[in-house]
Every structure is written in structure tokens, then in C-alpha cells.
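As C-alpha cells, the structure follows; a few thoughts come after it.
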């Protein structure tokens, strides 16, 4: 049987095209993920620089100024130093738990960014249960901290891990109830818990349509609970230096210690982004009764300009809000453990339940 050479060449060209399609498909799938990871990394570096500059201003001292212009590269210098340090492992600890703990903490927080809309439908995964996906994923991070504390075989580390788990449980419930209070109205309008739908529900009435004005009590409870979830002062009991040396981080060094450092700022950034999405109107400019398309002529200039404006507005709101947790770290004293638990269970939980009851009643009366 004789096969024409042209037929063989045609078959080979088709096979090459199919393989190229598969390669381009993989690249097209990975490109948004890599872009998001790169953006998050740059965002964390900016937060570290902002915190150092703001803390220097509060304490009336000079902040970082030698590593790059205005000290902007100081975080990169610190990261390089941690990469070059020796990675020590306790000889009497559980090596597996000790090594897995930091990775669980970082990966769980990274997954939370997948449901955050940075612009009009500019979201990696627009899930119908987006906000509760974030709550479910964020509850995994304390498990990694507890594993790190237990695997270190150190009493200070173990106490720090236990404190992290207790603190997360205490403040996760009020935070979830505040999110549920916001979601009730969105469910009635669009039958969805998508973060995109939550932002669009706030865009109909401009500045006064923000959930900040509809849910002022929930906003305050959410703010306090998110600070506790981020383990920021005055809620940094799991790693209190005067009591526990460094808490669950005591036995860590090198890149694993750096992962905890990154995780704390990743958690701070994702909490501020969710405050922007849930309470501050997301990517909408929210000048009263003037929306972004009318103000900037986005419909005339194309979708790219509108997307860039949406990203800029979201990040501007986020970084303006970040001043609150950064300032509280350097101005408020640390709570005791009993005060922290009493605040969560005896005050924030009843207040969030009452807020949910009021929201439910108002929704039923408006039907």
C-alpha cells in the first residue's frame, strides 16, 4: 500500500496544530493565575513599605531609606536575607507537621484571592458562593498554625498554635454572620452569593448605596473580627513576644519563617479587599448618581480603560482602608487572652446575631 507524501505532511501539520492548541490552552489557563500571583506579591511589598513608613511617622523616627528610592526595596532585601539563611528543623519535633504548616497557611490565603473582583467581572473564579468560599478557606489557615506549633515540640510554639486556633474560632462566627447579613439582600435580588453581585447591588445608588451605610453595626463587627483573624495588634496573642517569644514561629528560620511573614500580610491585604468589596462599593467610583461609565466615557473608549479604572478604584479604597490596621498596631496595647475571648463571645457574637435579626426583619417587611 502506497501512501502519498503530501498526505503524510498534512497529517503531521494537523498533529502539530493540535499540540500547539493544547500548549496555548495551558498558557491561557495559567496566565490569569500567574498575573494574580504577581499582582498580589507586588501588593504585599507595597504594604510592607507603607507599614514601615507609617510606623516611622507615628513614632517620629526615620524609616527605611537606603534600599532603593525611599526604601521601597527594603522588603526585597529582607526576603533575600531569609532565603540565604539556614533552614533549621527541631530534632525532637514532628518533621512533617513542621514543614507542612507554613505551606497550608500561605496556600489557603492565596486561594481566597480567587473570588475577589478587582474590576467589572474581573475575577478569577466568579462563584455563586464566593463570600462563603472565602470564609471556608480562611478557616483552614489556623489548622496550619496549630500543626506548626505542635510539630515544633516547643511549649511556646504549642501555646501559640492553640491561641491561634481559639482566636480564629472566636472571631470567625461573628465575621460570617456579618457576611450573611449583607448576603440576604443580594440573595433576594439575584439569588446568588457572588462577590460580583454584592458589588453590583451597591452600585445602584452611588455613594449612599454602600453597605457601609446599610450595615454600620456589621461593618464595625467585621472590622474588629478581621483584625483578630489577621492577628494584628491588639489581637496578636498567638505570637506575643513578651509571653511566647514568637509563638508558633519560635522554632522557624529561613524561608519557612518568611512564609509566615508573607502569610500575615497576605491575610491583611485580603481582609482589606473584602472590606472594599462588601462595604465600600468595590470597583465603583460611587460619586452620588454619577457612575464610572458616564464620568470617564468608558463605553466610548473601550473596555480596557474601564477595567483599568476599576482596578485603580478598588486598590485605592483598599490601601486607604489599610491605614486603620497599620495605625492600630502602633497605637493600641495588646489584650489579655481572657479579654480577647470575652470580646468575641460575649460582645461581638450577640451584636452580630442582633444585626442579622434586624436585617432579616427589614427584608421580610420590605417584601
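Cβ atoms are placed via backbone N, Cα and C, with glycine included.
Annotated in Swiss-Prot:
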{"type": "TRANSMEM", "residues": "30-50", "note": "transmembrane segment"}
{"type": "TRANSMEM", "residues": "98-118", "note": "transmembrane segment"}
{"type": "TRANSMEM", "residues": "127-147", "note": "transmembrane segment"}
{"type": "TRANSMEM", "residues": "164-184", "note": "transmembrane segment"}
{"type": "TRANSMEM", "residues": "273-293", "note": "transmembrane segment"}
{"type": "TRANSMEM", "residues": "304-324", "note": "transmembrane segment"}
{"type": "TRANSMEM", "residues": "340-360", "note": "transmembrane segment"}
Test the contact criterion for the transmembrane segment (340-360) and the transmembrane segment (30-50): 3 or more CB pairs under 8 Å, pairs 6 or more apart in sequence, then answer yes or no. no
Cβ under 8 Å to the transmembrane segment (164-184), counting only same-chain residues 6 or more beyond its ends: which ones? 131-132, 135, 138-139, 141-143, 145-146, 149, 193, 198, 211, 215, 218-219, 221-222, 224-226, 228-229, 231, 235, 237-238, 247-248, 278-279, 340-341, 344-345, 348-349, 351-353, 355-356, 359-360, 363
